[in-house]
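> For 67-104, the entry in TrEMBL reads domain 'Peptidase A2'. Taken from TrEMBL, the feature domain 'PDZ' applies to 314-403.
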Amino acid sequence: MKSCNNQIKASFLILIVTVLTYLIGSTNYLHAQTFFFEHKIKRDAISFTKVKNLIVIPVFINNKGPYNFLLDTGVDPLIITDSLLVDELNFQNTRQIKINGLGSNAEIDALFTSDSFVKINRASMAFVPTVILKNDIFNLDGYLGMKISGLIGFHFFNSFVVKVNYETNRISFSLPNFNQKIKGTKVDIEILGNKPYINTILKSEQLGEIPVKLIVDCGAGHSLSLETLNAAPFPIPKTSIVGNLGIGLAGEISGYIGRILSLKLGNYEMKNVVTNFPDFNDVAAKTNQKDRNGNIGSGILKRFNITYDYGNNAIYFKKNSLFDSKFEHDMTGIELFVTSDLTQRLIVSRIEPQSPAELAGVKINDEIISINFKKADTYTLEEINNLFRNSEGQTVILELYRKDGFTVKLLRLKRRI
């Protein structure tokens with residue numbers, strides 16, 4: 001593959017890795033802690049890598065790094081997914097905890113510490129509450145095609161007014177009392193469980209227009225996920241497909257993928273939105289906010305340049321050049337991952353039933369050698385993702401390697417939802 005800095009999550013579902021609400025047993029810690037600027041500055045900025053719409057930033061921990069972390073409004077406390085960092089970062093005080101996650105499996109084992117000293121450019125915070133997973137159940141490296149060490153969220157957003165520009169891949173962040181003019185449409189938020197919620201309106205074929213309460217989750221790769229309505233599963237559209245919706249802290253999340261007619265964000269309205277409908281028992285039944293309906297992910301958020309102002313309970317949305325692009329789902333039925341060795345081979349990890357890939361004879365564990373006669377390692381995963389959802393009826397030629405040798409398969413892209 002091309003340089004990891006340009007690569008994108010190897011998923012041809014909207015979402016492979018989902019970072020959602022989780023509970024941490026009896027772990028308690030103070031939330032009054034914040035990041036501070038060095039040298040009395042009031043504002044700073046960093047570049048980020050956009051990986052399948054997700055935001056990857058450089059983070060230093062205990063004066064070591066930088067490490068690649070996903071920036072995620074839905075995460076608290078800081079999560080380290082690479083257990084090898086425990087020794088490298090010299091944590092002095094850790095204790096065993098159990099995590100109840102979203103997914104089909106039971107609790108998972110982790111370590112908890114407050115020994116993290118975290119720096120993001122010229123901002124730093126001591127004693128950051130940190131969870132270290134003993135097993136990297138997310139497999140972020142394989143699905144994003146680059147080394148990812150963890151996820152960071154609430155304490156950063158709670159410390160600053162944070163502006164995310166998805167067009168320039170820049171984040172600027174300033175002290176709440178820094179005099180600045182914020183552009184965009186203001187949407188009120190409510191911080192619950194250290195996560196931002198909005199109340200808005202969506203429209204579906206079955207229900208018409210209804211009010212919904214949604215988490216704003218920039219760490220989720222999908223556009224929209226609807227989990228529950230009136231303490232029951234959210235109604236699934238007639239036109240939908242079965243999908244693997246990602247990995248939660250407790251395993252795979254299954255469900256359906258369909259569309260809703262529209263979703264409003266302030267003065268903006270997005271139509272024909274591709275939407276996940278996760279299995280009720282995998283997600284909604286395990287959350288501690290029973291009145292929420294779902295979450296807005298980066299497939300929607302990337303269409304705006306966004307300012308997060310937690311201190312004043314507001315998010316500002318200003319549409320960008322991506323706003324009018326159509327919501328599309330993968331048209332091949334292929335999920336991919338990148339091997340973690342130096343070869344970074346592109347491997348088929350899953351095939352959707354009755355998809356163009358299955359009908360063409362593509363198999364799990366096939367290695368993709370070339371696409372349309374161009375070597376696979378000359379594409380970024382972003383380019384492959386766009387190619388596989390580009391235009392219904394278009395033919396894609398795959399050269400594959402499997403145990404019995406090389407083979408060529410022709411896929412005709414098909415819009416399935």
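Even glycines carry a Cβ here, placed using N, Cα and C.
It should be emphasised that the depicted structure is a prediction, and the values quoted were computed from it without experimental measurement.
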> What does the DSSP secondary structure composition of the domain 'PDZ' (314-403) look like, as residue counts for helix, strand and coil?
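Taking each residue of the domain 'PDZ' (314-403) in turn, the totals are 15 helix, 32 strand, 43 coil.
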> Per DSSP, what is the residue tally for the domain 'Peptidase A2' (67-104) in helix, strand and coil?
4 helix, 14 strand, 20 coil
> Give, as a single whole number between 0 and 100, the mean pLDDT over the domain 'PDZ' (314-403).
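Summarising the domain 'PDZ' (314-403) by its mean pLDDT gives 92.
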